[in-house]
Amino acid sequence: MTDINSIILLVVILLNFFILGSARLVACIRAVALQGALLALLPVIVHGFSLHSLGLAGGAFLFKGGLIPWLLLRAIREVRIRREVEPLISLVATLFLGAMATVAAFLFADQLPLIHASQAGVLVPASLATMLAGFLLLMTRRKAITQVVGYLMLENGIFIFGVLLSTAMPLVVEAAILLDLLVAVFVMGIVLNHVNREFSSINIERLSALKE
Amino acid sequence: MAELWLLSLLLPVFGALLVLPLCRYATLSAGIAAVTTVLAAIPGVYVAMSLLNGQPPISIAYAWSLPGGALQIDVDAVSAFFLLPVFILSPLCAIYGGAYLHQVKGKLLGVHWAFFLLLVASMVLVLSAGQVFLFLVAWELMSLTSFFLVAFDHQNKEVKQAAWVYLVASHLGVTLLLGFFLYSSQWSGSLFFSDFEALRAIPQHQATGLFLLAVAGFGIKAGLFPFHVWLPEAHPAAPSHVSALMSAVMVNLGIYGILRTVTWLPQAPAWWGLLLAGFGIAGALYGIALAAVQQDIKRCLAYSTVENVGIIFVGLGVGIYAVAAGFSAVALLAFAGALLHLWNHSLFKGMLFLGAGNLVHATATRNMNQLGGLMKRLPATSMLLIGGSVAITALPPFNGFISEWLIYLGLLHGGLEMPRAMGLPLLLLVSLLALVGAMAILVFVRLVGISVLGNPRSAAAASAHEGSILLLAPPAILLAGCVLIGLNPLPVLDLLRAPVVLLIKTELLPMLTLTAFTGLGRGVWLLLALIAGMALLFFVQRHRHPAVVAATWGCGFALPNNRMSYNATAFSELAHNHLLPRTLRPEVVTAPVTTFFPQAVQLSQQSSDPVLNRLLQLFFTRIANLCQRLRWFQQGRLPIYLLYIFLTCIGLMVWSLRVFGGG
């Protein structure tokens with residue numbers, strides 16, 4: 001069981017790097033969708049077949065693997081952009097930072113006083129690494145769409161952590177996070193369209209005019 | 001008992017909940033407010049009176065799901081002493097307010113009344129809270145609801161400004177109080193006031209720090225000089241019944257806080273008392289001096305509140321001083337005088353604000369220069385104002401006289417009995433207090449003479465007429481209370497026994513001797529007979545030689561009109577040119593006459609609060625300028641903000657590793 005588990009998590013981490021290093025938006029969205037879909041398998045693998053874990057897995061699969069990426073893809077079709085041009089720091093530098101963050105996550109997770117350290121395996125470092133990668137994406141990209149992808153990765157990281165606690169973490173909490181995310185994507189989509197219409201650009205840099 | 005107390009707390013809350021859905025109906029919501037406050041006052045007054053008469057304190061505890069919170073209610077004699085004015089003033093102000101706001105159109109009055117009721121409930125809760133969280137929550141609720149009450153006329157720019165000043169001041173106060181309570185609860189190891197006994201063992205310098213924190217934090221609410229700055233701004237801005245409630249009741253709660261602190265902390269050294277008395281006398285002089293140059297009648301009354309709070313603090317400070325020096329007789333007189341003056345101030349200041357509200361209601365202006373000649377047009381209001389002014393200037397047979405008399409007696413006894421160097425400050429205070437008294441007479445002669453007597457100086461004043469009975473009855477009841485205490489002070493002094501004993505902490509001296517000290521009760525009826533005789537003589541004289549009505553000599557002007565009569569500015573000219581120090585003088589804008597022939601000359605006078613405008617504003621502007629540099633952090637770019645969050649997260653991770661020491 002832990003083997004499949006570790007393989008999934010490693011793929012997730014690799015996908016992090018892929019997203020951090022890619023300039024093509026469609027590819028980013030597809031990668032994050034794949035990441036979400038893979039993560040949806042985790043609750044079933046870790047906790048076995050039960051109504052709770054199946055519900056969690058199904059919900060996550062539908063939202064992260066299907067609905068949200070579909071919404072995002074539709075949004076970029078409407079605003080007609082394909083590439084993330086000129087990120088704040090270059091893609092290579094982002095990749096490097098991502099690698100550093102992943103190493104830091106593994107080092108940090110080793111130090112954590114966890115109760116079931118043996119059972120957790122790669123879960124905790126993978127979770128931290130995904131969250132940090134999401135943060136990096138949020139900080140370094142200009143397009144609002146990539147920001148949404150960053151939020152999705154952040155959520156994926158939290159989801160991995162949630163799997164660890166799944167028995168303690170009620171379904172309601174997970175459902176609430178998913179709902180939050182969905183609403184956030186909707187709002188982003190609406191803002192995106194309006195910003196696009198007003199400024200004929202979706203660069204979030206323009207939002208600095210809203211300061212104060 | 002506990003149930004009755006609960007009833008008096010919950011009725012206003014219930015009323016507020018009831019009023020909110022009905023906020024469209026102005027009369028109905030005012031009616032609900034009046035009925036619930038009256039209904040709450042009946043058990044409330046009963047509970048307060050029985051506690052003052054020596055019933056055991058009420059203590060109730062409920063669970064509260066807030067971490068660290070508990071609904072611990074402790075009502076003792078000191079609380080009861082302060083609860084009594086709340087329960088007496090709030091129904092009267094509610095009844096008055098209904099009539100006062102009757103003409104207001106286009107506002108949801110229900111919201112106003114909901115805030116009013118919540119203010120009453122929160123004041124009751126502040127006075128009964130026996131736990132830090134509960135106290136702070138109630139205190140904050142009180143500040144916020146009164147902020148909304150002050151901002152009633154928020155479309156008006158001045159009102160908005162005043163409300164902001166008030167909000168900022170009260171939050172600065174809460175910040176200090178938070179520090180005070182956190183430190184004390186950490187030291188005593190408990191959030192319950194009943195466990196604050198442990199503070200009695202606190203080292204002296206820490207006790208001093210706590211005391212200063214409490215004086216500043218509570219002093220802001222109490223209007224203690226130099227923390228009074230919100231008071232002259234907020235009181236004129238608020239509707240009159242709100243000013244009355246705030247000035248007569250809410251200000252007291254600040255004094256309550258300081259008194260409670262003194263009972264928690266170890267035996268106060270003498271200099272604490274002198275400090276309080278020093279602030280008090282400075283505030284009294286400052287307040288009355290600025291009251292003398294105000295043209296706004298409610299602003300004048302607000303400064304008079306600063307003065308009276310100052311006098312109360314003189315009494316309290318001297319009491320603490322005397323306890324520290326071991327002169328419990330002096331302490332007894334001073335404390336009793338201060339506490340009685342607090343009650344008296346609630347009565348006559350409430351009455352004066354309501355009376356001044358009647359003038360505002362009838363003429364739609366607060367400027368005394370626009371009033372005048374109202375004795376004939378609003379006879380009842382004018383008589384009430386005159387009565388209130390006599391009471392507040394401490395003239396017999398009203399109540400102000402009794403309390404100031406007690407304070408003077410305390411000062412004189414102390415000055416004569418204490419060893420020379422110790423008695424000296426008290427004797428100095430006597431003369432300064434006398435100066436305050438003289439100034440008070442000047443201020444209130446001016447207030448009555450300019451705004452009520454003479455001939456009307458504006459069309460609004462000329463066409464003014466008396467409002468409904470609901471506008472007259474509440475101040476009349478308060479004035480009746482003033483007369484009652486003035487003529488029959490002994491039963492009232494008996495009620496003060498329980499709180500004073502709690503303050504002096506020693507029962508060496510039976511309170512009964514208070515009456516023996518003061519000689520009160522002996523001369524009162526004689527005095528009354530004397531006054532009645534003089535009044536009779538006056539009326540007989542009047543009847544025999546009726547007054548001749550003729551035009552006033554117009555200084556040689558061909559066509560004198562009413563605008564040429566003395567106004568408020570002219571009346572205080574002597575005071576502000578010769579009596580006041582330069583910093584307190586109002587700004588006078590005028591042009592000198594340069595030619596031999598008459599020409600148009602303008603003169604205007606503007607008084608601003610020196611503490612607010614010259615000290616605090618300067619200070620806060622400087623801080624704001626310094627803080628401008630922090631604006632660098634606000635880059636207005638999302639990635640930067642996210643970076644801040646990121647760095648914080650990383651920082652917290654590292655910190656957690658350090659703290660938990662790693663796996």
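Cβ coordinates come from backbone N, Cα and C, glycine included.
According to TrEMBL, the features are:
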type: DOMAIN; residues: B:129-412; note: domain 'NADH:quinone oxidoreductase/Mrp antiporter transmembrane'
type: TRANSMEM; residues: B:80-101; note: transmembrane segment
type: TRANSMEM; residues: B:108-127; note: transmembrane segment
type: TRANSMEM; residues: B:164-183; note: transmembrane segment
type: TRANSMEM; residues: B:209-230; note: transmembrane segment
type: TRANSMEM; residues: B:242-259; note: transmembrane segment
type: TRANSMEM; residues: B:271-293; note: transmembrane segment
type: TRANSMEM; residues: B:313-340; note: transmembrane segment
type: TRANSMEM; residues: B:346-364; note: transmembrane segment
type: TRANSMEM; residues: B:384-402; note: transmembrane segment
type: TRANSMEM; residues: B:422-448; note: transmembrane segment
type: TRANSMEM; residues: B:469-488; note: transmembrane segment
type: TRANSMEM; residues: B:508-540; note: transmembrane segment
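Same-chain neighbours of the transmembrane segment (B:422-448): 270, 274, 277, 281, 284-285, 288-289, 291-292, 297, 300-301, 304, 307, 310-311, 314, 318, 321, 325, 368, 382, 385-386, 389-390, 392-394, 404, 407-408, 411-412, 414-416, 568, 571-572, 575, 579, counting only residues six or more beyond its ends whose CB sits under 8 Å from a CB of the stretch. Counted over residue pairs separated by six or more positions, the transmembrane segment (B:108-127) shares fewer than 3 Cβ pairs under 8 angstroms with the transmembrane segment (B:209-230), which leaves the two as not touching.
Using a Cβ-Cβ cut-off under 8 Å and counting only residues 6 or more beyond its ends in the same chain, the transmembrane segment (B:384-402) has close neighbours at 304, 308, 340-341, 343-344, 347-349, 351-352, 355-356, 358-359, 437, 440-441, 444-445, 447-448, 451-452, 472, 475-476, 478-479, 481-487, 489, 520, 524, 527-528, 531. Residues of the same chain lying 6 or more positions beyond the ends of the transmembrane segment (B:242-259) and with a Cβ under 8 Å from any Cβ of it are 78-79, 82, 85-86, 89-90, 93, 96-97, 116, 119-120, 123, 126-127, 142, 146, 149-150, 152, 177, 214-215, 217-224, 231, 234-236, 276, 298, 301-302, 305, 309, 312-313, 316, 342, 345-347, 349-351, 353-354, 357, 503.
Note on the transmembrane segment (B:313-340): residues 81, 224, 255, 258-259, 262, 267-270, 272-281, 283-284, 399, 402-411, 413-414, 417-418, 422, 425-426, 429, 433, 485, 489, 492-493, 496, 499-500, 503-506, 508-509, 511, 513-514, 517-518 of its chain, located 6 or more positions outside it, place their CB under 8 angstroms from a CB of the stretch. Fewer than three CB pairs closer than 8 A are found between the transmembrane segment (B:346-364) and the transmembrane segment (B:209-230), and contact between the two stretches is not assigned (pairs 6 or more residues apart).
Taking Cβ pairs closer than 8 Å, the transmembrane segment (B:209-230) reaches residues 143, 162, 165-166, 168-170, 172-177, 179-180, 183-184, 199, 202, 250-258, 261-262, 265, 268, 272, 275-276, 279-280, 282-284, 286-287, 305-306, 309-310, 313, 609, 611-612, 615-616 in its own chain, all 6 or more past its ends.
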